[in-house]
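According to TrEMBL, the protein carries these features:
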BINDING   Cys523, Cys526, Cys563, Cys566  Zn(2+) 1 binding site
BINDING   Cys532, Cys535, Cys550, Cys553  Zn(2+) 2 binding site
DOMAIN    291-460  domain 'Helicase ATP-binding'
DOMAIN    536-713  domain 'Helicase C-terminal'
Amino acid sequence: MLYFIEVVLPLAVGKTFTYQVSQTEFHYIQEGMRVAVPFGKTKIYTALVISKHHNLPQLYQPKEIHQILDEKPVVNAIQIEHWKWIANYYMCSLGEVFRAAMPTGFILESETIVSSSNDENIDKSELQDDEFLILEALENQSSISIQEVSKILGKKTVLPILNKMLQKGVLVLQEEIKEVYKPKLIRYVKLHEAYSNQEQLTELLEILSRAKKQRELVLSYFQLNAREKKPISVKELLEFSNTTASVLKSLIDKDIFIEYHLNQDRVVFEEEEDLKINLSLAQNNALQSIESNFENHDVNLLHGVTASGKTEVYIKLIEKYIEHDKQVLFLLPEIALTTQLVQRLTAYFGNQVAVFHSKYTNNERVEVWNQVLESLEKAKIVIGVRSALFLPFSNLGLIVIDEEHEQTFKQQDPAPRYHARDAAIVLAKQHQAKVLLGSATPSLESYYNVSVSKYGLTTLSERFGNVVLPEIELIDLKDKYFRKRMNGHFSDVLLENITEVLGKSEQVILFQNRRGFSPYLECLTCGHVPHCPNCDVSLTYYKYKNQLKCHYCGHTIANPSHCHACNSVDLTTKGFGTEQIEEELKILFPNKKIGRMDQDTTRGKFGYEKIIDAFKNQEYDVLIGTQMLAKGLHFDNVTLVGVLNADNMLNQPHFRAYERAFQMLTQVSGRAGRSEKKGKVLIQTYNPYHNTIQQVLNNDYMSMFKEQIYERRNFNYPPFYRLIKFTLKNRDFDKLKESSMWLYNVLKQNLDMPILGPEEPPISRVRNEYIRTILIKIPNEAHLGNTKKTIQKILNSFESIAFYKSVKITTNVDYY
Ligand code: ADP
Ligand code: ZN
Ligand code: ZN
């Protein structure tokens, strides 16, 4: 009898591969274990076993595996099922899903590069011979590929050794060296062990009797310690004792206090906090409505206005599931939002909360993976962004998707281009779990599903604690410019309000959507605008750096002193971005501290968090920002939100433009007046009578919904049609044109439905590759599976045409 296993390789190939194993191996191996396998001439990959059988493949002679990497499965059957669904639905390979799903450290391959962690705590004398050899090699070179390790050790089978070294922290993956995870660290203090008993303590207080302040600080520490039974942060201690940092410093210098740091996300509570949440009547009704809707709906939408206290409702609901020993997954659209949420959830649930996202190191991600795999207490509730969906849950009871309308839930590149909300609903079904979607501005799709009774609906229409929704006022830019009431980009009304609010020591948020509104340089003599040589876009002007830069490929040039077309020195800047707003504001309010949050100021790993924290701690009076500010952040002291120009959002060439403009404006408005102080929102616009602007003004989601649904039905868009978008790229313009025409024609001949294209997108060349797109609109009545099969066949024929080989195609199902 022959023994085979069927494995998935982390590659973009559509099929699985068969490898031969011995009888003993066959009996040892279980589905969901990893094996190291040779592939091609020299490569080694980590593959995932998805089945075992005795059928010799007909087309090739199977190779033998190198070795088995696991003692028990690291991936469960539900996951494999779910990944197959994703591959099938989003038209990509199972290998691509596998690659996206697992932390990199789980899928080492011959090309993977490792380095020494240079951790001083590692005792070299305890290393195995092989491990020692590898570390020695790394003393002479900073990094080394796994292939090279194989040569050094003279073995083919090195993955288990490397896996172990990664786990022990002796090695790190190269990709991490570039971006080491620097979690937000909080400073804590504790009393030196030397003073742990009463006698020693009395002695200490005696010694300190002459340093009154220091003595008081020590006493305050005791009071706090007795009360809280959790780590005491420096900030808390200083506030509580009303002393200065210098007093604490002298105690630390004397070794009486020891300082230490904890990662904010991973603070371990010694004892469960007993933070109590008392739901308001409205919140309580919402909770009951959700629970009763769950009796006949698997998915329920919580439509709650901004600051209605949705988070508290989620918490109370989550509690019921973990009481029944179920796992809970909480998905967020942005890593930047996790810190605020983790704090709120850990304050309530203590150590039952785990966090999972791509900014964690490989080891941390592997750790959470294993905790979920073993259904540990520590990972009862997992908070994460879309990739947390791939964790090895075995017993999910509830998935909460907060800010469900956010487009970041849809993965763009690379494949799998999945929508985390939709994939979560499928996953929940597999677990027979429930899904709660939450938003103040639900996506049209979700609300449509409510309207046809596919989802349940719960509404929270008031803010928590008698806080009222902010008052919104429109400012007509045409009128203001005409009457010369503008100062730069600020109307008189906006400036008056900023002055007033800052005078009361309250804070201001200013919103300027960057997209399509970057400043560029223009020649006043000939009209020439400098463009990127590699992409079809104008270069963005950066005043501060005195540079022009391409947003797509990063190409940078010094700010020219004269026009490259006509040599004129009369150059001007057009358009306005956040940087210009910041500049104007600094001149208008020279004594105020102004912060800016956009792609450029948040580049570093924790860029967002730093700015959010600084604003929260009132280190800035005004925060200027882009899209990011429209997400579910909570600031107590913000009473004014200003939108500098609402129109550019309305003018996007996208079928979701109005829906998104409504969501963004409503969400950004929702940042105002979230505590006792009433908030105000000022929206500057050239189109005060535009329907969407009026809907925002009147907080009228239903009108927006009805109007947009009508348009979508009329113009064949979701939720009535499903979209599949193909993007074709090539450096050769003619070849691209010809091949996209070929694809379009063949699709047209074989599919009886609207097909648009081949179209040149607004940005039709990036990094020297030309781009064409084709959009298929599949009516809901059509058979989706069959349509996709036909499409896949056509794509296969396309790929078999030798002349088109170099043309790259990406497929985006449910293009968002
Ligand atoms: P949303 O997510 O709906 O925008 P949040 O959950 O952020 O709103 O709640 C807004 C504010 O109200 C937060 O500061 C939150 O702590 C507070 N809050 C909401 N519900 C309660 C409650 N039941 N008890 C105490 N504070 C609450
Ligand atoms: Zn010119
Ligand atoms: Zn470019």
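Glycine residues also receive a Cβ, built from the backbone N, Cα and C atoms like all the rest.
Residues Leu524, Thr525, Gly527, His528, His564, Ala565, Asn567, Ser568, Asp570 surround the recorded Zn(2+) 1 site, their Cβ atoms falling within 8 Å of the Cβ centroid of Cys523, Cys526, Cys563, Cys566, which are themselves excluded. Apart from the site residues Cys532, Cys535, Cys550, Cys553, the chain places the Cβ of Pro533, Asn534, Val537, Leu539, His551, Tyr552, Gly554, His555, Val766, Arg767 no farther than 8 Å from the centroid of the site's Cβ atoms, the recorded Zn(2+) 2 location. When secondary structure is read from DSSP and collapsed to three states, Cys535 (Zn(2+) 2 binding site) falls in the coil class. Of the recorded residues, Cys566 (Zn(2+) 1 binding site) and Cys535 (Zn(2+) 2 binding site) place their C-alpha atoms 22 Å from one another. Between the CA atoms of Cys563 (Zn(2+) 1 binding site) and Cys532 (Zn(2+) 2 binding site) there is a gap of 15 Å, rounded to the nearest whole number. Cys553 (Zn(2+) 2 binding site) falls within neither a helix nor a strand when secondary structure is assigned with DSSP, and so counts as coil. Least crowded of the binding-site residues (Cys523, Cys532, Cys566), judged by neighbouring Cβ atoms within 10 Å of its own Cβ: Cys566.
In this view, Cys550 (Zn(2+) 2 binding site) is surrounded by 21 other Cβ atoms within 10 Å of its Cβ, with every protein chain counted.
Proximity of Cys553 (Zn(2+) 2 binding site) to non-local residues of its own chain (separation of 6 or more, Cβ distance below 8 Å) is seen for Cys532, Asn534, Cys535, Val766, Arg767, given in sequence order.
A mean pLDDT of 87 is what the model gives for the domain 'Helicase C-terminal' (536-713).
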